[in-house]
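**Student:** One structure follows; several queries about it will come next.
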């Protein structure tokens, strides 16, 4: 599946589930009332059972319609969406969940486009009149159209779907649904499948039969639990160590996303969850299992809470059978894996890349065209598809580390990707969702991960945030302490001429590049010849590679008396020179510095400000124009 198609499918599924998930509390309330008070319930009560019909016929579809309209057209969209949904409800003889998913967004879309059309055209004093009557008239028209057209069409469509489902049930084909459901879950379509497809079908079946198997096709925690148990006994390295905690969160907490990375780590395990899912559905079909309402989240506790009287054995058997088959298949696949230590190698490789990125001042597993300066970060959001389970746990882990580090000015929360606010500074998402997040808030920095409970990544990020905040604080302290002798005008101090710029250079070693920069400082009258050796001596103490293709060689403290006046030479090495300790610590911009007293602090600060943009660095590394270099360093970009 291509990236664009996957994002579109995720977005559409996300939209469907966004209409249902905010109203899950209402579904659960209806499910509990049904389980308790209907004639076959735990506490049969003819009076209280009268709540069941109106809630499923009117309340739940209206809530979905209102939410769908609000998603598209705001508050006014929600009102018109609810009015339109009422037309669908009255126009059909069955609960209109699918109809409300069409009518609600349609109402929101119509009022949204009407508001755009009249924007700026309403005379002063008539705004409230137009707003109220437009919503009423458009809602009336859409309700009539929904009553006459959408309702009957959706009713016919629902009957066709029901016939198809009944065909699958009668011919014992329902387990085949797991072939599509389980892989789709791994692509983070689990909420879309459960709340966008199975919940509407399940509610209708539950209303007729008192329970529905559809609520357990996707929500069954058995297949994922089997995979995690297999990792606990037969996994290796960090995957084995973390599987126990993940199993508790998955099985009791109902956060299914927690096991996705374990399957992605070894894609062959998709076969295990498919076979486990098929076994679970088959067992539920044979034994007559099902729930009265959606189990959200998909925890064994939620499953038991939504189980009607007489279905406990069937539901528990369905979960256990799915878990057992998934465990056996996963164990076989893990034990016979041709690539030994596969999960360890991938984890170690990612950790190595994270640590290397950290050492060079880059975000671990950062994605997109973003800056790596974290000094401005004040708002961090851990985002997932639904903005609930997995991201909430990740945000909790990171929040504790941030608080323990004393970074009280930084807030850490969780959110659904579609609800990311424009003022977020840093977004953390699963790697399969990062592209969607970048489209939602392109101005923010983005970090990808493969496991929302990756403590190592959060520790690395916290350390970088601490370092960035400390650097900013130290810079302010330096400026305050030197303000009397400090000239904040970079034009007075940091002023390059064409004679200080050397383009298209080549060097085999960093010593050769440093020696050339030193010789140019001597020729420019900035330093005495002995300063060149002091620059080489300084490099032996600690590499002067800053990261981002920049090195700033300069002399030792003892050589300051060899500086005649503050000066800078800019040397470009398009092919690069290795300056750092790592093989890819390649400098393309070598900036030799000589400064008297504390003036080097001002010089470095000025350079940092000028080279704060990655695109500027890229242009400086390849330009053949001295004038362009002068303009870029002067900030005239």
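Please read every residue number as a count from 1 along the shown chain.
A Cβ is built for glycine as well, from the same backbone N, Cα and C atoms used for every other residue.
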**Student:** Residue 629, residue 71 - same side of the membrane according to Swiss-Prot, yes or no?
**Tutor:** yes
**Student:** Of the residues 113, 256, 376, 554, which is given the phosphohistidine tag by Swiss-Prot?
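**Tutor:** 554, according to Swiss-Prot.
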**Student:** To which residue among 110, 384 does Swiss-Prot attach the annotation phosphocysteine?
**Tutor:** 384
**Student:** When the topological domain 'Cytoplasmic' (71-133) is classified with DSSP, how many of its residues are helical, how many are strand and how many are coil?
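**Tutor:** Here the numbers are 49 helix, 0 strand, 14 coil.
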**Student:** In the topological domain 'Periplasmic' (46-49), how many residues does DSSP put in helix, strand and coil?
**Tutor:** 2 helix, 0 strand, 2 coil
**Student:** Just to verify a number: CA distance, residue 384 (active site, phosphocysteine intermediate) to residue 554 (active site, tele-phosphohistidine intermediate), in angstrom, no decimals.
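**Tutor:** Cα-Cα distance, residue 384 (active site, phosphocysteine intermediate) to residue 554 (active site, tele-phosphohistidine intermediate): 46 Å.
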**Student:** What same-chain residues lie close to the transmembrane segment (313-334): Cβ under 8 Å, and 6 or more beyond its ends?
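**Tutor:** Sequence-distant neighbours of the transmembrane segment (313-334): 216, 220-227, 229-231, 233-235, 266, 268-269, 271-273, 275-277, 279-284, 287-291, 300, 303-304, 307.
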**Student:** Could you give the residue numbers and ranges of same-chain residues that sit at least 6 residues beyond the topological domain 'Periplasmic' (293-312) on either side and whose C-beta is under 8 angstroms from one of its C-beta atoms?
**Tutor:** 21, 24, 27-28, 30-32, 34-35, 40-42, 194-195, 199, 202-203, 206, 210-211, 215-216, 218-221, 251-256, 319, 388-389
